[in-house]
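There's a structure below that I have some questions on.
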Amino acid sequence: MTSLSVHTDSPSTQGEMAFNLTILSLTELLSLGGLLGNGVALWLLNQNVYRNPFSIYLLDVACADLIFLCCHMVAIIPELLQDQLNFPEFVHISLTMLRFFCYIVGLSLLAAISTEQCLATLFPAWYLCRRPRYLTTCVCALIWVLCLLLDLLLSGACTQFFGAPSYHLCDMLWLVVAVLLAALCCTMCVTSLLLLLRVERGPERHQPRGFPTLVLLAVLLFLFCGLPFGIFWLSKNLSWHIPLYFYHFSFFMASVHSAAKPAIYFFLGSTPGQRFREPLRLVLQRALGDEAELGAGREASQGGLVDMTV
């Protein structure tokens, strides 16, 4: 990650440096909280992975966010310390590769979740009868493999990680990334709009929303918090001009995007008046829409937060 710090004694620059340091410090703290939240979500989702196919998606999303936040925290340390600590080029490139890889994986998984949930809501009979048993597992595996391939191609063409870079191929690949980012965003917007219309106008509008609401909130979270980081990547590699403050702002919003998802899961699944007093496992099940198992689970909820096992 190239340092964009400007060292000068002018008052305006001193103000910018103070602002940037504040944003980066908040980013570190938020990333630390996100690591804890995603770690808990990852552990709980692993207990529930065979009960709900959508939990497989969220398990992969939590894994991608966990890796992203780890790399994100480490990568901004030189910026936070005003370049008093510099990583070797190998570490710098590796952190860049991993962050971009996890970002694209998370975006692709979110598009897959919104698409499958839209199909399940619009065509429930077809979805239950025709859906392949291992569809979710295959889609997740395909996303990880294809995103890894794209990341390796970009690393080989745009850096010296695997040898001499090819700048012409690098520009072409980043144009492909721009098209991919636009296509995934359009997919999420269209499927989320259809899902919202179905939820608000369908016969089930007075029933508990559960997972469809979670998907809608996750898409909104990406559009407002995750998308700026993608724009930063494109502007950096396609020579678009962006203000310096947007550079650090996109870092902060990327941390918000990855750290806020576990909070959405638990607040959406918690019962008003019982928040922070229910077992986290039951809260997550409710957010996933596993209402069938919650009847017996409500009795167990008297055990408190420590009851987190299946």
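Any Cβ shown, glycine's included, is placed from N, Cα and C.
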Going by Swiss-Prot, do Ala18 and Gln285 end up on one side of the membrane?
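For Ala18 and Gln285, the topology recorded in Swiss-Prot gives opposite membrane sides.
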Can the transmembrane segment (61-81) be said to touch the transmembrane segment (134-154) if we require at least 3 CB pairs below 8 Å and skip pairs under 6 apart in sequence?
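Contact between the transmembrane segment (61-81) and the transmembrane segment (134-154): absent.
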Can you see whether the transmembrane segment (93-113) and the transmembrane segment (134-154) are touching - at least 3 CB pairs under 8 angstroms, only pairs 6 or more apart in sequence?
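Checked: the transmembrane segment (93-113) vs the transmembrane segment (134-154), in contact.
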Counting only other Cβ atoms and using a 10 Å cut-off, which of the glycosylation sites Asn20, Asn237 scores lowest?
Asn237
Hey, which of 23-43, 134-154, 175-195, 249-269 has the most Cβ-Cβ pairs under 8 Å against the transmembrane segment (214-234)?
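Selected stretch: 249-269, with the most Cβ pairs under 8 Å.
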How about long-range neighbours of the transmembrane segment (23-43): same chain, 6 or more residues beyond its ends, C-beta under 8 Å?
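Cβ under 8 Å, 6 or more out: 58-59, 62-63, 65-66, 69-70, 72-73, 76, 79-80, 248-249, 251-252, 255-256, 258-263, 265, 280, 284.
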Along the topological domain 'Cytoplasmic' (196-213), what average pLDDT does this model show?
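Per the prediction, mean pLDDT sits at 68 for the topological domain 'Cytoplasmic' (196-213).
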